[in-house]
Every structure is written in structure tokens, then in C-alpha cells.
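Here's the structure we're looking at; comments come further down.
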């Protein structure tokens, strides 16, 4: 009689057969694939002084020339900035800034003379700048109705509640609604041009004091004493996509007055949105000044494109060296939040406006990389040779 | 179900005495006792329903939600979500509500499914049919309808439905055989005895007419016979059949239910497995607190801004703003992305998917068993890389648990089975007796091949056969050894043991008494009748003192030699009993067995009286071979800095020999002994202090020299319990526990022998609670290891010979001990590295993400204006940066598998949570903050008052945010690329794919006027940005600058560590590799 010892068994009494012939072997065996066995072929780079070294030199060699190029370009850009807020007693706009009242119908104008010490070639861009103005405040940023601005008729009559408290005024929907539109900075002097009565081209906006907005005009003081207004264009200052896709009047109907029937103008505006410009292509929601303002700035100190002074011809600089006068219809109150208002004249290169930071940053980073490359080279020379000999064969 | 049952078996043995005090009187068959005997007090007991499920259909949703939100992370996100609902917040509630909802739903479905399975299991148990004797008839009913006092009939191979007292059995002697395989994995048949007065009952009528009460607490049954005094009989453990055990080899039994349902001993101590929380999760909670502080500071920074004329509040907002707390909440919402829900999802996914690599591992597949490694919980993958203490069982774990009879020695003559042929055995009297003794003195049963399983087995073996079963593999080995020497034990029939001797004659011995083995006596005896012989076999230490004659010296020498070789030795002796001596012995035994009180003690006394005046016959040696590569594995674990403890029930010499063989102790190891033998000579106090001094002295010396002696400690169960015993003698003796721990800390290897299962768990608990809070791992194969497996941080079960209980209760199950090496050194290491990078990288990328947001608040009047568009906020963690890190955390290999296996010391690099400690965390935080500052201020200075385009037009705040975000996405993805050491095609695909996806998404997102959105703020923003030269230049510049510090740090670390390597005069691979893994960090 033969016997063998009792063998491995399961808890439910089944005897697991050991040795050859155990039935379920193959099915349970894990598959021998590279992924499951964690044996996928792999590239195993190791960052050592030796491998990183060339990269540092290359970065250095590329960045420094770029930086120099940027810096030179930036330096060639001419920029002139003038603060016309009128905080100082001596400032021409002091009076205007002091006498602000919400109900005044009389515009306050001030004239600021300045001198450009070099001629500005090519297109010159005129910006207005505001400081300490929180266009990026959360309550402000969201206070708009993009559907309304996109010409949605329903939204025109029923502005989004995001526009609160600038959605309804006297039970009429505001078009355009929201805090952003309500606080628009730049207005349109154009429609009042017919009423200019003064020889010095001052705008007496008696009849149609447009809005809360400031209006900026630039005059060249000819050496022989005459003031010549610099012609400026108000188109091309907004993003093409904004003007043609994102912002749309409710209908393409030329008669905007009828379209906006039943709505009311923003509280701080003196004119409704359909009277922003006489040009139907620049009126209503697709008014470029309006669009520019509606693109909220990232930082509390910002500038926005106001006008473009197109170049006349390649022979004569757009703005000659000499004395200029900036005439401001001073409406926009900034004293209450200690803001500042500026006017900027700038030329533009391929890399945009004057910004020495980028060039300097490139030069610095390039130099640092180069320097680090040298340091690493030393390290590599000291220890690297031995490293190579003992390198890991993975 | 099995878990709870098993746990209760354990706790039953561990807890020992149950502590209910009420008198429990069971009226068998619900019959009142005869009037006058005692008052009939009907008692109410619960029915036999078992409930292991957590939820019911009705309470599932509330209870499950409650359970889930008890997790601090989930609760945190819930609060965020509610805040977003209530107050006017920068981001919409959807951004945090959607992921949270997703996570909660998935978890709930998973838990619901598991509970449904439990319900089904409960149901099948509760519905299972049971035969109950009612009015003398057998009635079939369902298990859950059983009541205390019912008489139950159980047939062969049926499982006991509740705790029963055996009344009668179909066997003549009133015994029945039971296996507890499903409870503790022990397959041997245990014998239980019927109450003597009722064992004669054969039919249900007879049983049904039984009139008796059981006073369970006293352990007495009162049987009322017609108009007679009640007969009181003692009840003991041998009468109690436990729920879950199975009846074997007995046609049927009648028994009375004494405990039902949740009162059965298994169910009483049911406790849900405590959630093992991993160390990483704890670190994450610490991070959460830090984040909260940051939030608070951010809030305090926010001044109360006025409303400028251009930006008025609505009336509602004005009213709400009276509560200053809303600002705090709004900031919380804005910054809560720093600990995103997606991190928890990613971590869970990483753990779940990552654990498949263990089950897939071909190297951990055992051809013989036909099984690979199993993962029972994936929560602990990274803890595998943190193990400091390994507690291992010896038998079946380090060794094969495949006992082989090596030799026997009779009066100094050595017999080795395969070396001799039949007939060479001297037919001296002692030899004859010796072999008969071994054939008779055991509790081995012969399993006849009659069951289905047996037939299957028989076919496989190619011969119809019977085989031996015993709870002790040693006994089987001995009986088989005897067979090979020519003496075959055939069977036990009608109390006669039959032996086929070497002359092929059948010898029959009447078995009179079995004096069972117990671990105190460490011997067992049988009394057989041919001429009243008592055979005894047992441990040398318990036999030699009782020997009066025989060649003690020769045998002793042989035994010691064998013990040193690691063989398990037993001594065999006999005693001739005269008629009167036998009568006396019988008298002692029956008296002790019938004692109502102190039965155990009196039995022991009786045994003591009977087992003496032995004549020594000889000794046996049985080998338990070491498992394949056990020594190699232990050596690797040592090199990896783990302390290995062997916990065994074996005797010291054998265990020590195994330890030497498995290289746990080396020749150079200085052994410290803390054994009963020693503490008998000196007081425990002195021994402890002396050992402590030795260890400390050594340490102070080794402070100077590089390589030191390592210590090995041997402690036995008795001494251990003395050490762990709470000290009542006052403070004077100090705390032994602390001293003991101090000694252990300085020993690289500890051997605990003569341990009870409970003590194993105690040891683990002791180390776990020591002040360093090391991560412990317990590995074992048997039911006696389950307690320690459950106690340790990581429990590993070996799919061994002693059943599946260990494997089922473990966190991971492996086929062989050798697989532990790959499990810890490779998988554990990888998982730890991966999860560490995952957690820190997640933190880093969210610091990079949120810190610019934080900085932006200083420039937007603390108005909680988000810097990024909502889509970017939501998708950043979900799709732009999630896949690369997930895949990284699945496939990263900073060093190859082969290297990890070859160099166990690499494991030390990640010991003590080194990659998740504060300095590392601080580095990641600093890097994150640095990068965030670069992103933000880089963009700030570029945007500051200047034009970006060549047509003079200006950009707005969304372009600003998009610029920062683009740099951010590229930087964090490239940072991960820098950290990747193992570039498979998957890494390439997800890293470059993610970046591409970001670009495509942005183009699409800004490409059209989205009709369903009420804002079009992103329209053409991305394209406009890309059309600007300076934007490109600044993106490249900012990415370069952000990555620069990390590259430099990596290169320098490598240089320094390789420098370190060369300055030491041991040029070899270990340190070089160490350098490699340092630079990984």
C-alpha cells in the first residue's frame, strides 16, 4: 500500500495538484509582453555636465544675438509720453481736473504744449494711458454681455444679469450694458465738428456733449506761428476679428436708431451708442473706440490705442521735430481713484512698441547660460572623464 | 465572509476568555425541565442570521456619502463646491462640482458592488438548508431560522450552521471528525466527542426525546431521565463544534445549537478591517494644512477695496459684502486648485493600474503552483518601498514545509532510509520497539480514497492509494519514514492499530489511550495493549529528564548534532506498564477527564504521573528544507537595510540552524540570547541590561570603524511575554519594553522562537508602535501567521501548503519567499519613486498654476479675478497635464530592473520616506514658486505699457493670462520630461501629445464664437498672441528660464555625487549607482 503526504489544498477542500499535469497552468501565467514585464525599449538620457554643456553654449550663442537685436530695435523706437491729469497747480489741466462735476454740460478743455526733439517716421500711434484704473477687477471684467455685443436681439432687450447694476436704467435695457461700456474713456468728437466755431479749432461742444469721454487732438505748431491739426484715423485700432466677428450691430440695417429703439444709453454716456460716429461702418457696437475700450486691460496701468497718424510719404517724417499742442476735452474723472491720464505717441517696429525688457532679458539669460556653460565645462573636465569611463551601461 | 470568520478564530485564540457573565441556559429541544428541578426561564436569543454587509438598499446613499465625505479631501472639495454655490465666486461651481461628482459616483458604484457581493454571500449562507429534529422528526429548514436549543442533524461533508454541542454521532464511540479548513486552513481531522450519556442515541426519535438543559457558562449538561435525579455531565471544548467547520468521515451527528447567528464566536468579534492609511496620504494631508495657511495669508493681504465710480456693486453684493468672510471663501475657491480632486483620482488610478505590474510579473509566477503574485489591496504599493522591518514565519515561509524523514538513531545506531535495504535493521529489542513506537505513537489518520477529490488525485498519481493526514507534517514524515524502513502503519480500525511489519505480517495493537500533544509538555504518548506499552515521543528537553535507562549519551549527542544541522529532532521512549500500573493510569486519566473544574490542569497532572520512568529508545531527525533562494533573499533584504525577524514556533536550536542556513545569522554575527534558560539563571532585568550594554558598547566602538559586528538576537516566547508584561514592580525596574526595543534596534536579525500566533502579532505591534514608527512587513503562509499579517503595515501571504488563509488575508500574496526580493527591491522601489514623483509633481504643477493667480490678485485689486479662462482652469489638471504624469508614474524606471535586483543597497536611498520629506518638498515648492514668479513677472514686464504687435493694437487681460498659461503648460510638461529617465514610446506619445493637444485645443477654443457660452472672452486671443513676434520670443525665454534651475540642480547633484564617489577609495558600482539615484530626486 502506498501513501503520500497530503499536499497543498484550498480552503474549500479542493486539492490543488502539484507536479505535472496540473490543469490550469497556462491560463494563469502572465503574458510575456514587453509592456507587462516593464521591459519596453526606452531611451534613457542622463543629464550630466557633458550632455548639458553644448546645450548651454548653444542657448547662450542664440540668445545673446537675439537679445542684442531686440534691444537695438527697441532703442530705435521713438516714444513720447505726457501726463495731462492735472494734479499740479502748474499743469494746464489743473482747473479741469478740479472742477469736475457729474452734471456739468460745459466741457472743460485744456491745452498742453510739448516738444518733440526728434522726427517720428512711418505710422505714428497715439495711445491714451490710464493708471490705477482697475479694468481687470473681477466685477468689472465680467460686467458685459457678449451676446448683446454680438448683435443678439434678445440680449439687446434683456441684458445678462452679469451687467448689473448697469443692465437697466429706468426700466429700459441699457445698450451696451455693463460697467465696462458705461465707463468708456474716449469719445467721438466727429459729430460735433459741424459746430466748431472757433478759429483755434477748439471744440465747443454745446449741442452734443457726447459722453464722459476725453477727447484728444494734436496740433503742430508751425515755426511761423500757425497751428496745424494733425490728421488722425480712427480705424484699424481694434482687432480685425473683434470688429468683424465678435462685435456686431443687431442688424445690418443702416438705421441704427430704429434698431436700438427701446433701449437706453449707458448712464454715464451723453449720447446713445448709435450716435458714436456718422460712418455707419464705425457706429453702434462696431465703433472701434468702443471695441478697444471693451478689451479689458490686464494691469491697472495700461494704454490703449487711440488714433493712428498715417505717414504722408516716405520723404517727410510723419511728425516733424518741433512744438506741438495737445488739446484735451477734459471729461474723464480720475481724481476720485487717484488715477492718471496720459497721452503716448509711439512708433512701432516688427516687435511692437518700445520694450527694452525683452532684449535685456534675452541678453541676460544668454550670458547666464554661457557662463554656466563655462562652469559646467570646468566641472566636466574635473570629474567628467572619470564619469565617462564608469558610465552606466543600461 | 471568510475574513470575518477567520478573524474571529484568531481573536478567539488571542482574546482567550470571553467575558460575558450571564448564565446561559439552553433548553434542548425547547423542553421545560421537570418541575421542581429549577425554574424555567425562557431566554431570547438572536436567530441564526449572519450579516456582514455594510449597507442596505435604503441606507446606501446616505451612509455611503457619509463614509466618503469623512475623508478629509472629499469633504474639503465638498465645502469648496458649496461655497461656489452659495456666494458669488470667481469660477463657476461646475469647475469643482463635476470632478467631485465623478469621483464620488465612481467610488459609490464600486463600494455598492462590493456590498452587493457581500449581500449575496450572506444570503447564500443564511438560506442554506439545515435539518432540525422537531418532535422526533427531521425537518428541513433554512439556516437563518435556527434557534438556540434546536437539535440539528448534520451529515457528512456538511458545514455546521452554528455553534453546536455534540450529542451523538453515528460512530459507535460517539466521536466525529471535523476539519476546520475553511476556518484556519488546517486540513487535519480533529476529533470531537459526544456527551457520554447521549452518545448512545441513534435515531431522531431518541434524540428528540432527550430532556436536558445546558448551562453553558458552567459547562455542564443536566440530563433529566424519567423521575430520576438529573445527571450532570461536564462539557468542554471537545464537545463544541464551531460554525464553519465541516463534518468529515462521520455519517451524521446530532447536536444542539448553543450559539446562533451573530452570537457565534466567529461573528461576535467581527470588526471591519481598519483602513490602512498610507504614509503618502498622511503627507498629503500635511500639505493641505500648509495650503490652508497660505489661503489665510492671501486673505489677510486683501484690503477692503472701495468701489470706484466706474465699477459699482449691485445692491445684493453690497449687502453680502457686510460679511467679510465671503472674501475668504472666494479666495479659497480661487486657490483650491492647488490640491485638485484630480490628484486623488490620479493617485488612485496610479495605484490601481500600477498594481497590475505585480500580477503581470512573469518572474513572480510559480510554475509548480501555477500561480503568480496577487494584489489584494493596491493602497499600499508605495509602502513596499518603505519597509524597514520584515517579520517572517519560518516553517513554510523560509522553509518548504515539506518534511522529509532523514534518519533515526536507535541507541546510537543511525538508520537512514535510502541508505539501507530491508533486513539490514538489527532485530534488537530496542529497534523493534522503536519502529513500532513510531508507527503507533501519532495521531496520523489514513485517508482512504473515496471522495471525488481523492479519486482525481488517485488518477493523477496513477495508483489507487491512501495517504496520511495529520495536523503536523512532522508526524506524516515520520510515519512515511517508517514505511520506507519497512514498517507501514495501515489504519486504525475498531480501536486496533494495524501495522505491516517488515516481514509483511500485520500486527495489531489495541489502542487504549492517547495522551495528546500539547505545547507545554511538548510530547505525546499512546498506551497500547499487547503487553501494556506506553510509547512517548517528544522534544528532547521534555523526554530526557524522564528517562531512567537507555543509551542517553549517544542519543543526546546525535540529537544535538542534528539540531545544529537544522533538522527537527524528536526523541522516542517507552515504558512497560504492569496491569496494576495501567489500572492506576486509567484511573487517573478518567478522573481527570471527568473533572468538572480545572480539567486541563488535572489532565496535565495525570499525564505527568503516567509519563515517567521511560526507557530511551532513540531519536528521529526530520528535515524541512529551505526554500529556493531563501538565503539570497534574506541577504538582499539585509543589504537593503531591512531588519529581518524570524518568528517561529519551533525550538531554538532548529530555528537558529535555519537562520544560519538562510544567512540571517552569519558566522560573524554575534548572537545575543534572551531565552528562558538564561533568565532562569539571572533575572530578566540583569540580562536585559547586560545585553543593552553589549550593544551600546559595540555601537560606540563602531562609530569609529566602518564595518562593525552585527548582532543577532534570539528570544523565546516565554521571555518575550515576560518582557512585554506590564511591570507591576514599580518604576525601579524601568521599562523593559524600551530596553528591549533598544536592543532590537541594534540587531540586524532577530529570531523569536517558541512563539504563539498571538505573540507574533504582539511583536509586530510593538515595533510598529516604537518611536520611529517604522513600516513593517509580515510574511507568512499559515493560519497562525494571519494575526501578524493583519497587524503589520504590509501583509504578505505565501500561497503555501497550510491552506490559503494567509494569502487571503494578506495585502499581497506571492507563491514563494524568494519573490519577496523582487516585490520589495524592484516593485516597491519603483512604486515609491513613482508615487513620490507623482505627489510632488502634482503639487509643483499646481503651485506653478495657482501662484501666478495669487500674484495677479495684487494687480487686480484683490478682486479674485481669475488669471486664466475657465476652460483652462478646468482642463489644466484634467487634460493638459494629467496624462504625462500618470503615465510617468506607471512606467518610469530611474534605474533598470536588473540594477535594482543586483544592488539591494539602492533600497536604502528611499528609506524613511526620503523622497517625501520636508527638504524635498521644500525644493519642489521653491521651484514651483520660482517658476510661477518667472511666469507672472516675465509676462508682467513684457505687457507693461507696451505694444506687442506690429500694428500697434493692444492685448487685454485674457491674452496676458493665456501667455502665462502657455508658458505654464509647456514648462511643467517639459519639467516632467527632464525628470523622465525612461523614455518609452508611451512617454513620447503622452508628453508631446499633451502639448499638441493644448495647442490644438486653444486654437479651437478661440477659433469660433461658441453659441452656448454667454461670454466670448477667448475669441481669437490665442491666435492673436501667436501672431505676435515678441510673444513667441517671451514664451521661449520664460520656458528656458523656468527650467534652468532644475537642469543646473540635476547636473550639479550628479557632479557632486560622482565627486563623492571618487573621493572614497572604494571604486565600485554601489556608490556610483547611489549617485545615480540621488540625482533622480
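Along the chain as shown, residues are numbered 1 onward.
Quick reminder: no glycine exception, Cβ is built from N, Cα and C everywhere.
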TODO: Please find, within the list B:871-891, B:892-912, B:1060-1080, the residue stretch that TrEMBL describes as transmembrane segment.
DONE: B:871-891
Open item on the list: Return only the integer: C-alpha distance in Å from residue B:517 (ATP binding site) to residue B:395 (Mg(2+) binding site).
Closed with: 19
Task: Stretch in B:871-891, B:955-977, B:1019-1044 most in contact with the transmembrane segment (B:921-943), if contact is a CB pair under 8 A - done: B:955-977
Open item on the list: Counting a contact as 3 or more Cβ pairs under 8 Å, with residues at least 6 apart in sequence, do the transmembrane segment (B:871-891) and the transmembrane segment (B:989-1013) touch?
Closed with: yes
Task: Rounded Cα-Cα span from residue B:649 (ATP binding site) to residue B:781 (Mg(2+) binding site), Å - done: 13
Open item on the list: Under 8 Å between C-beta atoms and at least six residues away from its ends: which parts of the chain pack against the transmembrane segment (B:1019-1044)?
Closed with: 930-931, 934-935, 938-939, 942, 948-950, 955-956, 958-959, 962-963, 966-967, 970-971, 974-975, 978, 1002-1003, 1005-1009
TODO: Using a Cβ-Cβ cut-off of under 8 Å, list the residues of the same chain that are 6+ residues beyond the ends of the transmembrane segment (B:955-977) and lie near it.
DONE: 841, 844-845, 848-849, 852, 865-869, 872, 876, 880-881, 884-885, 888, 931, 935-936, 938-939, 942-943, 948-949, 991, 994-995, 998, 1002, 1017-1018, 1021-1022, 1024-1025, 1028, 1031, 1034-1035, 1038-1039, 1042-1043, 1046
TODO: For residue B:568 (ATP binding site), list the number of other Cβ atoms lying within 10 Å of its Cβ atom.
DONE: 26
- [ ] According to DSSP, folded down to helix, strand and coil, what is residue B:568 (ATP binding site)?
- [x] strand
Task: Cβ-Cβ distance under 8 Å to residue B:393 (Mg(2+) binding site), same chain, at least six residues away - done: B:646, B:647, B:648, B:760, B:779, B:780, B:781, B:782, B:784, B:785, B:788
Open item on the list: Can you tell me the CA-to-CA distance separating residue B:395 (Mg(2+) binding site) and residue B:754 (ATP binding site), as a whole number of Å?
Closed with: 12
Task: Three-state secondary structure, which DSSP defines for residue B:395 (Mg(2+) binding site) - done: helix
Open item on the list: Need the DSSP three-state call for residue B:517 (ATP binding site) to compare against my parser.
Closed with: strand
TODO: Return the residues near residue B:754 (ATP binding site), defined as same-chain residues 6+ apart in sequence whose C-beta is under 8 angstroms from its C-beta, sorted by sequence, else 'none'.
DONE: B:648, B:649, B:650, B:651, B:652, B:716, B:717, B:718
